[in-house]
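Peer 1: Below you'll find the structure I mean.
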Amino acid sequence: MWGLGARGPDRGLLLALALGGLARAGGVEVEPGGAHGESGGFQVVTFEWAHVQDPYVIALWILVASLAKIGFHLSHKVTSVVPESALLIVLGLVLGGIVWAADHIASFTLTPTVFFFYLLPPIVLDAGYFMPNRLFFGNLGTILLYAVVGTVWNAATTGLSLYGVFLSGLMGDLQIGLLDFLLFGSLMAAVDPVAVLAVFEEVHVNEVLFIIVFGESLLNDAVTVVLYNVFESFVALGGDNVTGVDCVKGIVSFFVVSLGGTLVGVVFAFLLSLVTRFTKHVRIIEPGFVFIISYLSYLTSEMLSLSAILAITFCGICCQKYVKANISEQSATTVRYTMKMLASSAETIIFMFLGISAVNPFIWTWNTAFVLLTLVFISVYRAIGVVLQTWLLNRYRMVQLEPIDQVVLSYGGLRGAVAFALVVLLDGDKVKEKNLFVSTTIIVVFFTVIFQGLTIKPLVQWLKVKRSEHREPRLNEKLHGRAFDHILSAIEDISGQIGHNYLRDKWSHFDRKFLSRVLMRRSAQKSRDRILNVFHELNLKDAISYVAEGERRGSLAFIRSPSTDNVVNVDFTPRSSTVEASVSYLLRENVSAVCLDMQSLEQRRRSIRDAEDMVTHHTLQQYLYKPRQEYKHLYSRHELTPTEDEKQDREIFHRTMRKRLESFKSTKLGLNQNKKAAKLYKRERAQKRRNSSIPNGKLPMESPAQNFTIKEKDLELSDTEEPPNYDEEMSGGIEFLASVTKDTASDSPAGIDNPVFSPDEALDRSLLARLPPWLSPGETVVPSQRARTQIPYSPGTFCRLMPFRLSSKSVDSFLQADGPEERPPAALPESTHM
């Protein structure tokens, strides 16, 4: 697979000797051969290097590349000056020299099959899946001009210039024709996306400049492959046999290959989005669909002789919105890290094997004039093409490309493994000077990656190019940006112009009305309250950072430095179970579980020692983490159970929410929570005494002060209801709905009719039946306080200005005192005629 040579068994013999020594030291008999030797006896251990040679060598090379990457980043001074790609090429040269010194043969090399089918797809898929779509499509015209016109310009000018110098006799006697020079020019025109990503990510240029260079490197590969195939077929036919019809077919082939590859990528993107819509019950295999279907788009385009790079790029671009909305948060994290890991590993292996492949004397043919003139021509014509195309673009671009940006664009035309793989694919029988082309390509790749990669960062700093800012846009910026988009879209619509904003608005409307309904699951299509989602994420981050800070300082740091902020922000009181949510269970679990006698000690003991013990006890009880139950970690092939850290973070989040709600109420009402609880308790006991003296527990209408309590049987969850799913709760938003039903609301004392307090019949009963985990038991006793947490899901369900009550009639004493007595309606006359 890696172009292994024939001397593998010799290296395996050395490894066999080493393993044999270890085995004999351990008392194990090791003899070469099969399971039965010449003596006919059974051998305990046999050495089968040839059986595992290929996968073992591949695993070792991946391990060496990964360890080298770790070693590079141990010294920040080196990586801040030298690009990682250049270091990997140098490492490959060193390893290739060691292998050559041991075997005197190029045992390992980067073959085109391995590069195009196994190493390049993960890199391009990662670039497409994480592509900033708005920035990419906003500069799509500029990117296409540089990718199409610029690539044709570079290929034609480089090939024709080299052919002109060859005719002058400066290159000596070479067996090269015009078509051979044009074929070589098409190879040199390929700006490699791997090299561009590796260098420009470390430079951190501004977003517009980066997306132009990166987009050009992605899209110009289609033009490069088309030109390569056209000129290779012309070379096979011979210059005398090429007709005008063949040239027209070559031009048509460019559009077919480019547009066909793009269409294949879009079709597979929609297929991937549609498949992930129905993976709700098989979450564990969601990441597999993302990688398999994307890779199938690449292979399908390669099978149809279309642009495979464009196919997998647009597959990632078009599917990212729908896939991220359909899959779970855990699957999205898996896809993100796996894709980054594969892309980084493939990039590391590519650059290292570029260095290893160069250590092979049999591929080198030196021609000083050809090599130097190639370097000069690709640099000069790249700069000329950028200047001419930018002059044309600036006449229509709103944001002009400054001369400094043009210098970076000209200097960023890096060549890499794409050019090397294409030149290795050349047929040596048809292209007589293949070794010269290979040698020159290696020199060009090393020059652009190492020299230009080393100097581009100082050049950017010297020219004071605008750098990218790694920060989140503020809320004010987001609001104004969205407002400007709507305003510009309206202006273009009124004036009759079709611009970027008009097209973006029409596409958003089409996507929202048709595509999202087909490619997104229904739960993802619902309008969600983003403010609540952001609040949910902030609380989770707050809980995680709080626990991390506590672990860093030590478990008893709260005792040594108790601060007011820590007391207010986090509450480590027990929370209710998600399975049992009845009022009786909540009241039972509200009792302190540790040393109940400490409550009475505060009233009797007054010594300093006792006071310190009580403070220490209550501090430990409040702040140390107390697990609810012992979780049984069972293995499951089809489900991904949440880890202990996720459960603890979720529990701390609920405690934080409960503490903040209590702090908010006490601040708003200006009451102490202990005094308030005592008043409520006294009022409740008085109400019970009054109810006990009245038959059926109903107060007359003339009573000036009425109160009511919640019936426990009305608030208990039914046994037939499903318990809430923990995984869906982790990935969902915050729900501020208490368990109030219409039946409960109708069973209440009499009072004044008020339609404001009547419950909404259109509201879903299942939503009302869910009790927030952070809602304290006191909330279920006082309906007026519980109503403060009943925030609707979205503006579409915001139906009233007043909170829900358990009764459709007001029971406030002052309203009953001021309101008129209820009287039967007066009988109307049968006829109201005069």
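Yeah, the Cβs are placed from backbone N, Cα and C, and that goes for glycine too.
OK, Swiss-Prot features for this one:
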- 1-25: signal peptide (SIGNAL)
- 26-51: topological domain 'Extracellular' (TOPO_DOM)
- 103-111: topological domain 'Extracellular' (TOPO_DOM)
- 169-181: topological domain 'Extracellular' (TOPO_DOM)
- 238-244: topological domain 'Extracellular' (TOPO_DOM)
- 360-367: topological domain 'Extracellular' (TOPO_DOM)
- 427-433: topological domain 'Extracellular' (TOPO_DOM)
- S555: phosphoserine (MOD_RES)
- S563: phosphoserine (MOD_RES)
- 575-589: region 'Interaction with EZR' (REGION)
- 590-667: region 'Interaction with NHERF4' (REGION)
- S592: phosphoserine (MOD_RES)
- S607: phosphoserine (MOD_RES)
- S663: phosphoserine (MOD_RES)
- 679-691: compositional bias 'Basic residues' (COMPBIAS)
- S718: phosphoserine (MOD_RES)
- S810: phosphoserine (MOD_RES)
- S813: phosphoserine (MOD_RES)
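How buried are the listed features, and what sits near them?
Peer 2: Within its own chain, the topological domain 'Extracellular' (169-181) is flanked in space by residues 159-160, 162-163, 231, 234-235, 239, 242, 367, 369-370, 373, 431-433, 436, which lie at least six positions past its ends and keep a Cβ under 8 Å from the stretch.
Panel annotation: around the topological domain 'Extracellular' (238-244), residues 177-179 of the same chain, lying at least six beyond its termini, place a Cβ under 8 Å from a Cβ of the stretch.
Long-range Cβ contacts of the topological domain 'Extracellular' (360-367) within its own chain (Cβ-Cβ under 8 Å, at least 6 residues beyond either end) map to 96, 100, 106, 109, 171-172, 174, 433, 435-436, 438-440.
A Cβ distance under 8 Å defines the sequence-distant neighbours of the topological domain 'Extracellular' (427-433), meaning residues of its chain 6+ beyond its ends; these are 174-176, 180, 183, 232, 235-236, 365.
Other Cβ atoms within 10 Å of the Cβ of S663 (phosphoserine) number 15 in total over all chains.
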Peer 1: If you average per-residue pLDDT over the topological domain 'Extracellular' (238-244), what number do you get?
Peer 2: 78
Peer 1: Three states by DSSP: which one describes S663 (phosphoserine)?
Peer 2: helix
Peer 1: Per DSSP, how many helix, strand and coil residues does the topological domain 'Extracellular' (360-367) have?
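Peer 2: Summed by class, the stretch gives 3 helix, 0 strand, 5 coil.
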